[in-house]
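Swiss-Prot annotations:
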{"type": "TOPO_DOM", "residues": "1-37", "note": "topological domain 'Intravirion'"}
{"type": "TRANSMEM", "residues": "38-58", "note": "transmembrane segment"}
{"type": "TOPO_DOM", "residues": "59-607", "note": "topological domain 'Virion surface'"}
{"type": "CARBOHYD", "residues": "Asn149", "note": "N-linked glycosylation site"}
{"type": "CARBOHYD", "residues": "Asn309", "note": "N-linked glycosylation site"}
{"type": "CARBOHYD", "residues": "Asn391", "note": "N-linked glycosylation site"}
{"type": "CARBOHYD", "residues": "Asn422", "note": "N-linked glycosylation site"}
{"type": "CARBOHYD", "residues": "Asn456", "note": "N-linked glycosylation site"}
{"type": "CARBOHYD", "residues": "Asn587", "note": "N-linked glycosylation site"}
Amino acid sequence: MLSYQDKVGAFYKDNARANSSKLSLVTEEQGGRRPPYLLFVLLILLVGIMALLAITGVRFHQVSTSNMEFSRLLKEDMEKSEAVHHQVIDVLTPLFKIIGDEVGLRLPQKLNEIKQFILQKTNFFNPNREFDFRDLHWCINPPSKIKVNFTNYCDTIGIRKSIASAANPILLSAHTGGRGDIFPPYRCSGATTSVGRVFPLSVSLSMSLISRTSEIINMLTAISDGVYGKTYLLVPDYIEGEFDTQKIRVFEIGFIKRWLNDMPLLQTTNYMVLPENSKAKVCTIAVGELTLASLCVDESTILLYHDSNGSQDGILVVTLGIFGATPMDQVEEVIPVAHPSVEKIHITNHRGFIKDSIATWMVPALVSEKQEEQKSCLESACQRKSYPMCNQTSWEPFGGGQLPSYGRLTLPLDPSIDLQLNISFTYGPVILNGNGMDYYESPLLGSGWLTIPPKNGTVLGLINKAGRGDQFTVIPHVLTFAPRESSGNCYLPIQTSQIMDKDVLTESNLVVLPTQNFRYVIATYDISRGDHAIVYYVYDPIRTISYTHPFRLTTKGRPDFLRIECFVWDDDLWCHQFYRFETDSTNSTTSVENLVRIRFSCSRSKP
């Protein structure tokens, strides 16, 4: 064990206080070496402080620059906001005011313009006012007409699309109820009654001409999908300086619009006039796709030359768009291109239609090919039974012993190609009436209805199916029969040996209605009653029924022309009729044009 002294010595050995005197000496010795180190430390501190000051200065400069940039951007944003504010105040607010004025003020003004238009029309028909052809501009361009600016258009296709877009709202109202059935339903067990009414044409160009002393001859009308077209010869009471003829050929086209009480209104939107001596004595008509097309000739019979020896006569082609001042308005003479077998064609009052930018008409054609087949058909039919046509030695319209065939005239209206009239032919039922062959659109794809009107009270007329495609065929449908004595494709029209009704002075053309089910209409000028009347006959071959309705006339006379064109409007039958007659009292010729409506109803229906 350690002694007390050892413990004390150990304590002082390990304890600082045991060597305090030595430590004090060492400390004093080290204190003499402090100044160099302190200077070095102070130098480092000074450098650090200067670096911090430099960094602080740089950061301060950056912050100042950022503040200046932020102030500049803020100022720009405030300027833009101020500009937007002024834009709203100076531009949008007046624009909203203009829109409000258009809606609140222009609409009543538009109604007032329509009112003024009606008043102007009333004044226009004032007999005391001298007629001026140029005054018709306001009549066919009323304030409600859609204006289209064609200045910047060079492409005809673009123009057609613009016109179609502008016309669609008008056509949509006309399509409603345009394909419905006009007859009472099958469940009708009671009597079927018909109610008819006559309406004048108010804003049609031809109606304004008839109201004057001017005379209209041979009017043709075609109606298709809410658009109508007309062509006629006008004999005015005076002649303007630009015409050196006594007759003027007029073409007009327009919309069928809804008017008061939803009745159809024929409103002219475009027209064209030509002197008769410009090969416009005889003209056809076709309407469709917002366009009118017509073929005009001096003489009805056209001789076709297929070599360079003969001088081929041209055919005048007239096209008219629904609106004026467009490339669709054309007058051009074309040389027809025909099959070598076609020797002649005969153009009279023909109604066609336009589909897929192709205008199509049907006409009688004289063909040298396969004449023996047609003659053998007639000879075999006449071997055992004598039909009235068996004794004929001359056939309309060309005369002589050659039977006419069916000719088809097609006129492509594609703006990318030049106008060209193509003539093709085919055979079908024997043709007994050489004047007036009409072509109506059919719901069936690639075909149409070809009609030939009755004649002299002995020929009932006929209706055939005619193809529109490359394979041109004519197939009998109604008013024809196949003789038992003949074989093959041999059909004859129905013909009587004597006039069936001597009270019928004239008959109209046959009209096929644009309905889903096959219906057709014909009208006659009848004098069997105390008052003369135009009697309508409406046929439904599927149900083997027909309806009649007479429209009594306030005048009496001898008619020389009767033409109708019918359409369906809100499930009622509407017909445009034009007829000329010589009055018994004054021996003067009078032309009448109007619209008639026939409404069929059932008195009692099955539950």
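Keep in mind that glycine also has a Cβ here, set from the backbone N, Cα and C atoms.
Sequence features annotated in Swiss-Prot and their locations in the structure.
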residue: Asn391; record: N-linked glycosylation site; CB count, 10 Å: 8
residue: Asn422; record: N-linked glycosylation site; CB count, 10 Å: 15
residue: Asn456; record: N-linked glycosylation site; CB count, 10 Å: 12
residue: Asn587; record: N-linked glycosylation site; CB count, 10 Å: 9
Whole-Å Cα distance, Asn422 (N-linked glycosylation site) to Asn391 (N-linked glycosylation site), is 35
Looking only at the topological domain 'Intravirion' (1-37), what is the mean pLDDT? 50
What whole-number Å value do you get for the CA-CA distance of Asn456 (N-linked glycosylation site) and Asn391 (N-linked glycosylation site)? 17
Rounded Cα distance in angstrom between Asn587 (N-linked glycosylation site) and Asn391 (N-linked glycosylation site) is 37
